């Protein structure tokens, strides 16, 4: 998570001092020196951007809260609203917010480009407040579904806007011609010694742009198709791994194993937090691609443990330990790479001109797959059984390993220009 949030200074973090100095024209560098400003070759202090990043993490908190809030009380909700035992209705309560999230994420890029990152970031809280109020006061299934759908629109808008907010707010101001405001924001985020060089970098990045209008067809059929395909497939495989089936229904799974659902949720949360902390440390050391590969591979191993646990050949106590251990290992290894890396990687591989709208397309794919996983998991678990279902999830994890190895480029230590040359066909 922190690796993604440090994108506030990504144009420095991904470029060595030698690369940065080569990106400026001789005239630009001379002008900076003549104006009494030295070209700063050190990275800006993270302390300056930390308060802004901390605010952006509220989106992730609300995102996770509304996704998992029905996990524990789902059984009570089904009893109160009269659909207990109907697995399809239970799946709808879980996944209806994901349908709303699809709508929100589809519009997020256009909203962020239209009203700005900060204002869009503020707007995403409104449907969450309204939807939560509807869900809290309803007395029937329809009202619950409506409330969850409204909450979902804010959930879909939030992650995309938050990612753009911590990487490109000054850039958005610059593209809108509000250079003085962009300069002021750079000074807040990076410090006064980095302002001039930041604006010079933005100037160079924007020279090849044809304007701000990006047509939808350009993302699907034009020269940017490959990067959009990579981003969309990463998010699809992330969801097809079965991770959110674990988050949504871990209480049900642990209850069937004879364990307290409250205790189960605590262990799942600890595993997720621990993996995220380790990922924060390893992200810039091992690189994005290596973390993704090892994360998906370890998740496949975890699913194999789950399959073994559901086998009739394993005695009861051993089956219990394998089931719980496999699930916690799955969550831990997901948080090490497959969870945080795609959201960090995508803003790095998308050119600035298409970044907001390309992120919206990829997040829409994420929510569609997420919706169907949440809707159908309990029903498939009943009809297919845990062995076959977990085998399917494990197969998708292995497919993700192969896809990452073949298609994903390492972005650690590379400049924006180097990434663009590696991924985009040259015109």
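Every residue gets a Cβ built from N, Cα and C, even glycine.
Automated prediction, rather than curation, is the source of TrEMBL annotations.
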TrEMBL tags one of 12-30, 31-49, 50-68 as transmembrane segment - which one? 50-68
Any chance the transmembrane segment (227-250) and the transmembrane segment (358-381) are in contact, meaning at least three CB pairs closer than 8 A with a sequence separation of 6+? yes
Averaged pLDDT score, the domain 'Major facilitator superfamily (MFS) profile' (1-412): 77
Is the count of Cβ pairs under 8 Å between the transmembrane segment (320-346) and the transmembrane segment (262-282), pairs 6 or more apart in sequence, 3 or more? yes
Looking at the transmembrane segment (148-166) and the transmembrane segment (294-314), are there 3+ C-beta pairs under 8 A, with each pair at least 6 apart in sequence? no
